[in-house]
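Visitor: Pasting in a structure now, in structure tokens, and then I'll have a few things to ask.
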């Protein structure tokens with residue numbers, strides 16, 4: 001029976017490591033829900049002043065998304 005216990009513990013150790021790798025590479029939020037503050041500022045600026053005048057807010061939102069794990 002000791003052989004079965006060792007085998008079971010080895011199998012249970014493999015599963016969490018796979019889950020940890022998956023959660024590290026996958027963003028926790030959907031991109032539409034990440035960084036609501038910078039998204040709001042960016043959108044309001046674009047509506048009022050046009051995209052070319054809002055590069056500061058666009059870049060701030062992109063940096064925020066990248067910090068959340070999104071590749072944009």
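Each residue, glycine too, has its Cβ placed from N, Cα and C.
Positions annotated as Cu cation binding site by Swiss-Prot, on the basis of similarity to another entry: 32, 33. What Swiss-Prot records for 32-72 is domain 'CHCH'. The annotation disulfide bond is assigned in Swiss-Prot to 35-64, 45-54. The motif 'Cx9C motif 1' annotation in Swiss-Prot covers 35-45. Annotation comment: Swiss-Prot describes 54-64 as motif 'Cx9C motif 2'.
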Visitor: Within 10 Å of the Cβ of residue 64 (disulfide bond), how many other Cβ atoms are there?
Guide: 18
Visitor: Quick check for the class: what is the C-alpha distance, in angstrom and rounded, between residue 54 (disulfide bond) and residue 64 (disulfide bond)?
Guide: 16
Visitor: Would you list the DSSP helix, strand and coil counts for the residues of the domain 'CHCH' (32-72)?
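Guide: For the domain 'CHCH' (32-72), the helix, strand and coil counts are 31 helix, 0 strand, 10 coil.
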Visitor: Check the motif 'Cx9C motif 1' (35-45) for me and report the mean pLDDT.
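Guide: Computed over the motif 'Cx9C motif 1' (35-45), the mean pLDDT is 98 on the 0 to 100 scale.
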